[in-house]
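As recorded in Swiss-Prot:
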ACT_SITE  H254  active site, for protease activity
ACT_SITE  D289  active site, for protease activity
ACT_SITE  S357  active site, for protease activity
COMPBIAS  478-488  compositional bias 'Basic and acidic residues'
COMPBIAS  499-519  compositional bias 'Basic and acidic residues'
DOMAIN    206-400  domain 'Peptidase S39'
DOMAIN    829-944  domain 'RdRp catalytic'
REGION    455-534  region 'Disordered'
SIGNAL    1-22  signal peptide
TRANSMEM  115-135  transmembrane segment
TRANSMEM  137-157  transmembrane segment
TRANSMEM  167-187  transmembrane segment
Amino acid sequence: MYSKLMFFFALCSISFLFTSEAASTMLLESSYLPLNQSYAPGFLYKRDMLPPPLQAVLTYTCPEPRPLAEESYNDLLRAISQKSSSDFQNAYSLALSFSSDFYQHGLKTLKDVSFLAVEKFLWGLTRLWSSLILASFSALWWLVSNFTTPVFCLALLYTVTKYMVKTVSFLFGGLPIWIISIAFSLLKKSFSALRSTPKCLYEKAIDGFKSFTIPQSPPKSCVIPITHASGNHAGYASCIKLYNGENALMTATHVLRDCPNAVAVSAKGLKTRIPLAEFKTIAKSDKGDVTLLRGPPNWEGLLGCKAANVITAANLAKCKASIYSFDRDGWVSSYAEIVGSEGTDVMVLSHTEGGHSGSPYFNGKTILGVHSGASATGNYNLMAPIPSLPGLTSPTYVFETTAPQGRVFAQEDIAEIEGLYAQVMKRVQQAEDFKPKTGKYWGDMEDDEDIFFESKEDLSGKRSARHRPRNKRRRQLHPKDKQRRWERDDGENNLISSGKDKSREHREESDRGDLRESDENSEIPPQKSPKETAGEFERYFSSLYNWEVPTSPREVPGFRHCGKLPQYYHPKQKEESSWGKTLVGNHPALGEKTSGFGWPKFGPEAELKSLRLQASRWLERAQSAEIPSDAERERVIQKTADVYHPCQTNGPAATRGGTLTWNNFMIDFKQAVFSLEFDAGIELPYIAYGKPTHRGWVEDQKLLPILAQLTFFRLQKMLEVNFEDMGPEELVRNGLCDPIRLFVKGEPHKQAKLDEGRYRLIMSVSLVDQLVARVLFQNQNKREIALWRAIPSKPGFGLSTDEQVLDFVESLARQVGTTTTEVVANWKNYLTPTDCSGFDWSVADWMLHDDMIVRNRLTIDLNPATERLRSCWLRCISNSVLCLSDGTLLAQIHPGVQKSGSYNTSSSNSRIRVMAAFHTGAIWAMAMGDDALESNPADLAAYKKLGFKVEVSGQLEFCSHIFRAPDLALPVNENKMIYKLIYGYNPGSGNAEVVSNYLAACFSVLNELRHDPASVELLYSWLVDPVLPQKIPGE
């Protein structure tokens, strides 16, 4: 029986193995069965692999299933095991599903319970904490109310202990780390400074700037050489007056930094040497590069110097200057010019050499600043301005006189400069209450240089106390006070006087001034401000226009009749003077020289006739002219900007920072006003006020502020009004510009022009338009004049002396790369002299636009406000309203034409002439107006395409002079000058002023002819000798 059970168990096991193997085989092979194969019972239990499927379609017929009783035990066991496995899998899946649902439900319940528990815990903690705080405050209040004194004592002890612990912690923990970090930071900054590109070089010669050096000592011997301890030269310093009664030594900071053992040396033959270590710092700035030092007692006497006055940055003006240096032959003075600002530095045109640092720039006897170095990128030197330190470099109770030509720095730049000396300003405020030990300033005592005046009333009876004028007086300390101040000065604390220590006399003057002003205000009603008055002037001038077009308008090609102004100009016809007729009658050879010339016609009819003739020729040339492509124009614009690069300048101060402000505008306005030609005509419509010249407005204290307001109003309108689509009349009616007066120039004309009626017309702009142009362009134009040797434009040179002629020829020789003798003798091998006929009328609108692009590219700090103002100015000058002498207004239809009386005419004409040469293929060119010298060959056909009528001269001719030698240039218009001389004056009238003017003109003409002694002698006998015997009153 036992053996049967064992056999049955073994049989079941083997059957189970076979079943598992067959099932696995079926699972592996079932994926390879054809899709159309039918399932047959017993197929899963076959162990042999199925044969490859046939290509043909097979049809199987399933047999009827056999009864279970006919199956073998193996098949039955396999079926039982498969059934068991299937049931087990189903039960397992069901159990797994139930378990998953139970887990998810349990997890959700646990999460909800946890959130609830945390919330209850936090609220419980909040209640506990608030209860503790409430209990603490209650306990603290109970302690304070019942034990007040002990509690406050404990609080005080706790505070003291806390800060003691912090102090000890800082001393033994934070302080060493702080010292190490500071040292590391200094090393890092030093390394960065050594690696970085310097902002300025120490010395530089300015390209194109002509300076001169003359033997001259500094004012008051106030410039002091600084040397190394070894005696080698290191730089310069200067002795200046301070407003606290002291004298200070001023030098450049980098001189002291580079020379730690510097010594001040007397330059007056004395052997005194004072180490600068004996001096103590008053004010210092590394970035500002100015250091003020307080010296030991009587240091000025030991060095043999006196103190000079200074101008601070707030009042620094663009002006002429001089800089002093000491060479082996003594002191010399070099010419310089203050031209603008660069950040907190001042741009200076000057020639300097090694060792000039620290030397002051002077205007007259006043120090303007300290030489700092040269710009690393720009064509100019840099001067460190003197900061305005109340009580030191500027007064605390009076205002310094405003610089006559406007300030160099805008208000924001001045604030930045003063910020460099913030520590000094702080010490100034702390020392305002200083009073000398004696109780009285030495300046309030008698001074050797004071001059006193006495009236007759002072001579009778008791003599009254003498009072001296107190204007701009600086108090001087007694030498003992100076010594005590120097001895107790640690180099940081500076004793500075303030307004509280004002002298009694000055306080009395101030009080009387306030009282007098109060009296005036009580008697005289308030006057209108200049702004209000300027508004009334604008309305008055606008009322003069009549914009109604007459029924029979005057027709001019390129212009339309648009209105009328009252007639203010009545030009008189010039006639040949009786003096000239007498001279020609006595000297027939003089008549031969002056034949072929005559005076033109004057008046509106002559103006209209000439205008029609020239305008028709202008339109004819303009129609045949071709405008270059955009690429060609850009090429010439960039090339022009490159050759004019030495004349890069700052834009107007008026729009610095992108905004037009009154204070900055006044900087430019003052400079513009003082550079005007005072005797020039004021033009339309301002002539209606009855003052015909600039002088009448500029020198009138009441009209000058109004003129400033009128100019400022115009600039504001140019910024605010949409001018882009306005015509000439609209520009005038909207107050963006004034009409341009047209008149015939009062100079002799050739007979051919007189017969044709082609007179030379002048288009003169108004005073306000002049000022607007000067505000926008004066920096650039003046820089071009100063640096004419470095750029193609030559408006700044002259040919009145042999030295000037040689100077120009040397510049020309450098341009062509040869010697002066060679370029004059064989000029055809190097250049072509050309002249353009009717140049002003040939200037097209696109040429003016390209010239403005070059101007903008040469402006360092160009901003949208400056660009818009210049664009509006260009729109107005290209689309003008001309006014004849009888008041007829003619609006320009086609834009263009250079206006001969504009402030920019000389500068722009020269540059446009150079650009025209570049358009025709010239490699280089130099021009003065319409005259030009350019590289070979000149392409006249290309000029004609541009609309110019250009002719080549057969001689080396430039600016109406023919060059015969490097220092010899003969005028071309000799006969024209003589005609104007003899027929334009009438010294026979006996008027002293007429005779004086005639003789001055004679000597000017004779100077032009100086290289022909025989001609000069002959003309002298003809023109001068008959006048000399006359007695001229006042001589």
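The backbone N, Cα and C atoms fix where each Cβ goes, glycine too.
A map of Swiss-Prot features onto the structure.
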residue : record                             : DSSP class
H254    : active site, for protease activity : helix
D289    : active site, for protease activity : coil
S357    : active site, for protease activity : coil
Spatial separation of H254 (active site, for protease activity) from D289 (active site, for protease activity) - C-alpha basis, Å: 6
- request: Check the active-site residues H254, D289, S357 for other C-beta atoms within 10 angstroms of each C-beta and report the one with the most.
  value: D289
Statement: Rounded Cα distance in angstrom between S357 (active site, for protease activity) and H254 (active site, for protease activity) is 8
- prompt: Using DSSP, what's the helix, strand and coil tally for the domain 'RdRp catalytic' (829-944)?
  reply: 53 helix, 28 strand, 35 coil
Field: the domain 'Peptidase S39' (206-400) [mean pLDDT, rounded to integer]
entry: 85
